[in-house]
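Chemist: Dumping the structure here so I can ask a few things about it.
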Amino acid sequence: MEGVPYAYTTSFKTQLFLSSALSSSSIITIHQKRHKTILKSISRRNLVICASSGSSSVVKLLDYGAGNVRSLRNAIHHLGFEIEDVQTPKDILDAERLIFPGVGAFASAMDVLVKTGMADALCSYIKNDRPFLGICLGLQLLFESSEENGPVNGLGLIPGVVGRFNSSNGFRVPHIGWNALQITKDSEILDDIGDHHVYFVHSYRAMPSDDNKEWISSTCNYGDDFIASIRRGNVHAVQFHPEKSGDVGLSVLRRFLDPKSQGTKNLTQGKASKLAKRVIACLDVRTNDKGDLVVTKGDQYDVREHTKENEVRNLGKPVELAGQYYKDGADEVSFLNITGFRDFPLGDLPMLQVLRRTSENVFVPLTVGGGIRDFTDANGRHYSSLEVASEYFRSGADKISIGSDAVHAAEEYMKTKVKTGKSSLEQISKVYGNQAVVVSIDPRRVYLKSPNDVQFKTIRVTKPGPSGEEYAWYQCTKSLSYAHPEWLSVPKVNGGREGRPIGAYELAKVVEELGAGEILLNCIDCDGQGKGFDIDLIKLISDAVSIPVIASSGAGAVEHFSEVFMKTNASAALAAGIFHRKEVPIQSVKEHLSKEGIEFRDCFRNDLFVCNHYI
């Protein structure tokens, strides 16, 4: 590819991180001057937080070069604090306030802390009861040890061992999504949460015990009660991600950064609650014929209008739509770049800029997919899929979605039964954790007269095929770049996709084994039809794996969301066109889920709607 608009260079910190396969561990110090701070208080119905105009504050950030630290940077900026980077352990000891957002694997983070001298500084700082906030791994590292790739010693400040969730009881691991807290004592920073949901994404957790009960400020139930937050004196830590928990999460950060700020104090014991079902807005992004980046939507993967001009369907601008969906209550926003990344992912500056700009004002999880694989540029420089994913994470993505490359990896694994560790799926999940990797599966339904007609998993369909067939299998597909030498020679499915000799069932089982943390399950037959999700397919896959499954393709009415949640084990449902065209507002979906008794996250009210039937 010639005329690349973006020269990709890897920073020293990132090179160090990737070469060591280390996850990011970031340490933020906050030095706040004693000026009067005026913040808009949080109302009960609409948690609106604005940056202070009278404060003068500096937030120092130590970034080891991995993970989506950009989200936390943006959240702190949003609250009126400026950021400088910290370089030495002394910066920790001199800090007035300290935030530690751990990202990635426990062992890798501890290795970085020990080698840089940060571990001793952290222990000294916390033992002296200095103002501290740990986030996610930043909570787990406070404990004695972890079973993750271990046992591995932690900082040893809190009694207990961090262990993996038990998936044998039917709960899906990783624990991904919005859950409620049971607040056990006055923690100050949780004062505004009340009965709102907060966002979790993790596979390991610390459990309550008699030895650590004095530390615990809240728990969360996911199969068992685990520690959701701790507080002793000025030391706080949370397992959830406040920077991804919407306005409720911003209130947690604000209360830590500015303890004197006023808000709605609404301490409650919490309600026994299960994980909320997620409603996800998806934006298919590509350049139109004029070169502009637009949101589009396919009809069975065909994104062009059926007009004389045959132009790309234009449904809006990516950043603006993502921001609107965040305000409307979307639990996550997913970007799928359907053309730009295929030949030179890191050269797609416009899409990377979309991520960066979106993450400035959207404080829910962001997923990006499209072309995440190894590639070689026009100058012969080789880039690994890990380098590509790292740039996405640094640009604001919380999760990356892998499609065609996962199909290839699964096919190779089924032939050899050997994990090479070289596939994009294996590399990225090893470094960033499987919770950061989504595999997008794009199957089409193939009807059969007998389940013995193919070697793949078949089902008895609820609705017979066009010739009365009672059985079907779901053939996986993968996309081909227009520059690919096989483009003109292979049989293609809708949207320029190639049918592959592997079923959706087989693919789902293999990618879970290779390290996927979540499955985005599409269906070519249902895409853009508005007649509902393919319940047969979603039930097949969600029953087959122990990781979360996102239902996609076919939503056309609010009833389709409750149907997929009540008839399958899907953890989330995704839609695109009906949201873009304003046919079905996100809030209407959530109002319908409320009427059906299905728990969901409501960002507008403090009411908690409990699902009595499903996880």
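Glycine is treated like the rest: Cβ placed from N, Cα and C.
Pasting the relevant annotations from TrEMBL:
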type     : residues       : note
DOMAIN   : 61-255         : domain 'Glutamine amidotransferase'
ACT_SITE : Cys136         : active site, for GATase activity
BINDING  : Cys136         : L-glutamine binding site
ACT_SITE : His241         : active site, for GATase activity
ACT_SITE : Glu243         : active site, for GATase activity
ACT_SITE : Asp284         : active site
BINDING  : Gly371, Asn522 : substrate binding site
ACT_SITE : Asp442         : active site
Chemist: I need the CA-to-CA distance for Gly371 (substrate binding site) versus Asp284 (active site), whole Å please.
Modeler: 13
Chemist: For Glu243 (active site, for GATase activity), which residues in the same chain are close in space, meaning a Cβ under 8 Å from its Cβ, but six or more apart along the sequence?
Modeler: Ser71, Leu72, Asn74, Ala75, Pro101, Ile135, Gly249, Leu250, Leu253, Phe363
Chemist: What residues, ordered by sequence, lie under 8 A Cβ-to-Cβ from Cys136 (active site, for GATase activity) and sit at least six positions away in the same chain?
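Modeler: The list for Cys136 (active site, for GATase activity) reads Pro101, Gly102, Val103, Val201, His202, Val238, Gln239, Phe240, His241, given in order along the sequence.
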Chemist: Mind checking which of Asp284, Asp442 has the fewest other CB atoms within 10 A of its CB? They're the active-site residues.
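Modeler: Comparing Cβ neighbour counts within 10 Å for the active-site residues Asp284, Asp442 gives Asp284.
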Chemist: Relative to the Cβ of Asn522 (substrate binding site), which residues of the same chain, six or more apart in sequence, are found under 8 Å away?
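Modeler: Within the chain, Asn522 (substrate binding site) has Cβ neighbours under 8 Å at Ser440, Ile441, Asp442, Pro443, Ser552, Ser553.
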Chemist: Taking the Cβ of His241 (active site, for GATase activity) as the centre, count every other Cβ atom within 10 Å, in any protein chain shown.
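Modeler: Its Cβ has 26 other Cβ atoms within 10 Å.
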Chemist: Express the predicted model's confidence over the domain 'Glutamine amidotransferase' (61-255) as a mean pLDDT, rounded to an integer.
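Modeler: Value for the domain 'Glutamine amidotransferase' (61-255), mean pLDDT as a whole number: 91.
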